[in-house]
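According to TrEMBL:
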type	residues	note
TRANSMEM	B:6-25	transmembrane segment
TRANSMEM	B:32-55	transmembrane segment
TRANSMEM	B:70-94	transmembrane segment
TRANSMEM	B:115-134	transmembrane segment
TRANSMEM	B:154-178	transmembrane segment
TRANSMEM	B:185-205	transmembrane segment
TRANSMEM	B:211-231	transmembrane segment
Amino acid sequence: MQLFSHMHAVLSTVTCMRRSSIQSTFSINPEIVCDPLSDYNVWSMLKPINTSGTLEPDDKVVVVATQLDSRSFFWNVAPGAESAVASFVTQLAAAEALYKAPDVTTLPRNVMFVFFQGEAFDYIGSSRMVYDMERGKFPVQLENIDSFVELRQVALRESLELWMHTDPVSQKNKSVQSQVEHLLTALEESGAGVPTVVLRRLNQSQPLPPSSLQRFLRARNISGVVLTDHATVFHNRYYHSVYDTAENINVSYPGQQSPEEDLDFVTDTAKALADVATVLGRALYQLAGGTNFRDTIQADPHTVTRLLYGFLVRANNSWFQSILRQDLRSYLGDQGPLQHYIAVSSPTNTTYVVQYALANLTGKVVDLTREQCQDPSKVPNENKDLYEYMWVQGPLNSNGTERLPYCVRSTARLVRAVSPAFELGQWGSTEYSTWTESRWKDIRARIFLIASKELELITLAVGFGVLVCSLVITYCINAKADVLFIAPREPGSVSF
Amino acid sequence: MTAAVFFGCAFIAFGPALALYIFTIATDPLRIIFLIVGAFFWLISLLLSSFVWFVARAITGNRDGPIEKYLLIFGVLVSVLIQEMFRFAYYRLLKKANEGLKTINPDEPAPSMRLLAYVSGLGFGIMSGVFSFVNTLSDSLGPGTVGIHGDSPYFFLNSAFMTQVIILLHMFWGIIFFDGCEKKNWYPLLAVILTHLLVSALTFLNPQYEISLVSAYMIMVLTGIWAFFVAGGSRRSLKRYLLCQDKNFLLYSQRSR
């Protein structure tokens, strides 16, 4: 059995990136051997901000973050139900609930929803965002961050408990500690109104679980909390595994239903995640300075279940089809769930679908034509710096033949997520992620019979023997040929 | 099956031919030319016979089944006849060329017809061997071997031996054939054609290599003995050669006087 699985990259990122750069500098037809893992983060603001500049230092932002990606042992297989999907679906539902509050435009502080890509590979997305924030390349700066809430693995809550992790090291600073205390009380007060979620604090000295907050804390002591379903040991038995599927978080549908019926069927997991989203939404409202309408914020389990169905069971459903742009239809695949691996070509399916889902859930339908939607600079009231305009397919009409497209205006945007190590050219960096993916040739295998070693050696020996024998015999016969073969007498010649 | 089998089979099949070439042909440029022209004649004969086979296949419509085998047998027999025809044609050419060679090179004696018979036979044989075996040889270089569907694992070895036999047989047939043409004796020609047909027909018995290979070797030995006598050998000369009495022959016969 012969397996051909040739990978062009060797040794390490440093070696393969160096070789790629030599190729691209000196060769007409460069042969790149590996590519850095890269994609886009998805982010949006509760109140629109001008993305062409940066915020004033007095504008404070509450950041709520989660991760978009997962990984497994196998390439491009990353179902990531508990490790990624459940958390970002919860965050999407919380965003939808928060945007519906009546007085969002008058809240003192802004809220930034960010979905980091590449967290499974040493925090590519979050390290890049911190790097951009430090250099002023991102509209929000580190000093604008008031507090930080992160969602990590929230689907397997035991006895309704949701744990709040904080960082003990940064809390040695008194002001940070009081801010963290304020953050935790806000969460607990919001959780009081939702009986199906019980918020629990942890021992002060326990460090944070692996989270994007750690990248922010490396740059600045901000007050942050990480919400998880586990206190110490993960409840997820299939963390970063191929088995982290819908089954792992108890998302199951009764049989005998059509895909469209399954899409709208509200599972228990969806209800539980909607409750977490409600708590999160209310806490964010309170942290942003809102007071009046906190208890009216409610996440919709129907939204949660449709998102879970799309990301974990079948991406090619009618709702996902209606919220996407027309040329992105093929990103939904044919059947089956999406795989949440970051990959090297960007943006990936997950990134696009999350961005468009966020736009659909938090944005507004505006009455623009297709040309206006694609280029709103000419339209008087619309501002490309404040908003993102998307021309989406829309649902099928009643006949089921055509789509009814429309324009969605939202603040859901993409921002580049490549590890700063590649920007700086520090391929051996220990500070930032340096993950790359090798390029490869076609993978194939073949089975064939091989001869026994004895037969091969016998053949070779016999061959040599025959060659030597024939050389010897020919030489001997040739030397004495005149003895062996008597030439016939030519008439007329005399010989003695 | 790797380089071991490749080199082993190559040496088995082409060892004798290589030895003959190195010691007898490579020394004289004229002989090399005659060898190559002989090889070329064989190649032309095969082109013609493959054309005949192609036409026959086209006529019967490229169907699969037992008709394939019959077509193959027909093709092989026609090919044998055409090869012998071209051997005869080469003989006529050499006869005519002899006159021309004498005028080009009046000092050196022209090669005798017996020598040309040997060279042309060897040329035919080498080309026939190369043509039939080089394909198999190049496949034997790969990592796998024949036999995954139950075929004989000794395919390469047997093919090599068969090729060796064919090369030597062509050489002997050349000698016998030309001698028969010279003496205007038609029975040797008929014998050559019949033995050629017999050996080719024996290969249809493959993969029962025992029968085909052993019979082919026996035929080769018999043909070789016949060719030896035709070429001017005799029992006396053989005895003299083996007992190394040649050098001392004259002295010996003088002393005994």
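First residue shown is number 1, and so on along the chain.
Yeah, the Cβs are placed from backbone N, Cα and C, and that goes for glycine too.
The transmembrane segment (B:70-94) makes contact with the transmembrane segment (B:185-205): 3 or more of their CB pairs lie within 8 A, with pairs spaced 6 or more apart in sequence. In summary, the transmembrane segment (B:185-205) lies against the transmembrane segment (B:211-231): three or more C-beta pairs, each 6 or more positions apart in sequence, are under 8 Å. Beyond the transmembrane segment (B:115-134), the same-chain residues lying 6 or more positions past its ends with a Cβ under 8 Å from any Cβ of the stretch are 9, 13-14, 17, 20-21, 24-25, 31, 34-43, 46, 83, 87, 90-91, 94, 159-160, 163-164, 166-175, 177-179, 231.
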